[in-house]
Amino acid sequence: HPPPVATDKEEQKRLLEHRPDQPPQPKVLRIAIIGAPNAGKSTLCNQLLGRKVFPVSKKVHTTRCKARGVITHEDTQLIILDTPGLTNRLKAKRHNLDEAMLTDPWDSMKHADLVLVLVDVSDHWTRNSLSKEVLRCLSQFPHIPSVLVLNKVDVLKKKFLLLEIATDLTEGIVNGKKLEVKSSPKQDSRSSVKVPLHPTQASPPESKVPGSPFGQKKNQAQEGSGLDKSSGVGGAGTGEGPEHHGAKDLRDMKGWPHFQEIFMLAALRGEEVDTLKRYLLMQAKPGPWEFHSDVLTSQSPQEICDNIIREKLLEYLPLEVPYGVTQVTDVWEEGECGELLIVQSLLVPRESHKRMLIGRGGRVISRIAQEAGQDLMNAFLCEVRLKLKVEVK
């Protein structure tokens with residue numbers, strides 16, 4: 001079971017500064033997760049960690065800062081760099097984002113051993129091409145191995161489209177090999193086509209090794225999957241990274257032809273997340289751990305609290321209203337029975353915003369407090385009593 005986050009700021013600080021309790025032959029892997037805003041990066045991070053410590057919302061730019069998640073499994077430590085969605089200056093100005101939102105994803109890339117590029121396949125406007133920001137990011141660091149993760153596949157009604165999307169996003173090449181997409185029979189469009197979702201089902205039990213549908217040998221691939229690619233390991237350990245792409249090349253590119261693997265999953269439901277996790281653990285290289293095994297995240301308990309309350313504000317308030325709320329923690333103390341008491345003031349710029357936030361009969365604010373309190377109990381594994389006050393600043 002993943003460890004809980006310490007409720008005391010000093011205790012969490014001590015844990016973060018504590019020397020890692022690493023085994024004799026430790027292994028480590030630093031993973032940057034990049035993608036367009038709202039692709040599901042934080043949801044995937046929470047699922048990989050096994051506990052919710054990153055805020056999640058349907059609104060864009062929920063993640064405002066670079067935070068680390070830590071998975072310690074036996075002799076291996078995975079360090080996940082949850083980054084803000086890649087954005088540009090125009091969008092940053094519109095959402096009142098600070099400069100760090102533009103630089104943090106690039107910063108994470110510099111420290112990564114592996115990059116996961118997350119794409120929301122339920123968004124038919126954007127799913128067939130990588131954003132220019134993502135392509136620019138990959139082309140700046142072509143030596144870092146990258147993996148394509150297609151998310152929200154459970155929402156996609158026509159599963160045969162996954163093959164078309166995968167081909168577009170990889171320019172038809174994965175791990176140096178050409179993807180061959182056969183035309184799928186018509187009935188596939190009406191059936192659920194589980195093959196891309198559960199790639200390992202067709203394989204005998206002993207061959208259920210971590211890997212994506214595209215990493216399987218031809219004879220293990222299910223018929224009708226519409227995909228044919230021989231297996232092979234390449235790219236990562238060869239030292240021959242892909243060439244640097246210029247600005248003109250990027251203009252003409254829709255996908256990235258240097259992905260090592262493709263994974264298809266549904267992060268919200270946890271489908272196939274374990275397959276990805278096993279793959280990541282296998283990619284770890286010998287190296288010292290960065291964190292003590294009791295650390296789950298680099299965030300302070302207050303940061304987790306602020307982020308989770310802000311997630312609810314984004315969820316229940318319309319349009320740009322939640323972006324103008326300032327959070328101030330008035331009380332953070334342990335009660336007589338070991339419960340955590342938190343009182344937070346939410347400062348809003350207008351009286352109309354205050355009315356919206358409180359809601360009729362106080363329904364909105366009490367729902368936010370109840371849901372945030374529940375999430376905090378799951379993060380800290382203790383009783384949490386959360387009280388929210390709303391004031392016009």
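Residue numbers in this text run from 1 along the chain shown.
The backbone N, Cα and C atoms fix where each Cβ goes, and this holds for glycine too.
As annotated by TrEMBL, region 'Disordered' applies to 1-24 (among others). Secondary structure counts, DSSP: the region 'Disordered' (1-24) has 9 helix, 0 strand, 15 coil.
Taken from TrEMBL, the feature compositional bias 'Basic and acidic residues' covers 7-21 (among others). Non-local neighbours of the compositional bias 'Basic and acidic residues' (7-21) in the same chain are 77, 288-295, 298, 300-302, 332, 334, 340, 380, 382; each lies 6+ residues outside the stretch with a CB under 8 Å from one of its CB atoms.
For 27-287, the entry in TrEMBL reads domain 'Era-type G'.
The region 'G1' annotation in TrEMBL covers 35-42.
Annotation source TrEMBL lists region 'G2' at 61-65. Mean pLDDT for the region 'G2' (61-65) in this predicted model: 52.
Residues or ranges marked as region 'G3' in TrEMBL: 82-85.
The region 'G4' feature in TrEMBL is assigned to 151-154. Sequence-distant contacts of the region 'G4' (151-154) (same chain, six or more residues past either end, CB-CB distance under 8 Å): 39-40, 44, 118-122, 162, 196-197, 264-269, 271.
The annotation region 'Disordered' is assigned in TrEMBL to 181-251 (among others).
Marked as compositional bias 'Basic and acidic residues' by TrEMBL: 181-191 (among others).
The compositional bias 'Basic and acidic residues' feature in TrEMBL is assigned to 241-251 (among others).
Counting residues per DSSP class in helix, strand and coil order gives 2 helix, 1 strand, 5 coil for the region 'G1' (35-42). Sorting each residue of the region 'G4' (151-154) by its DSSP state yields 0 helix, 1 strand, 3 coil.
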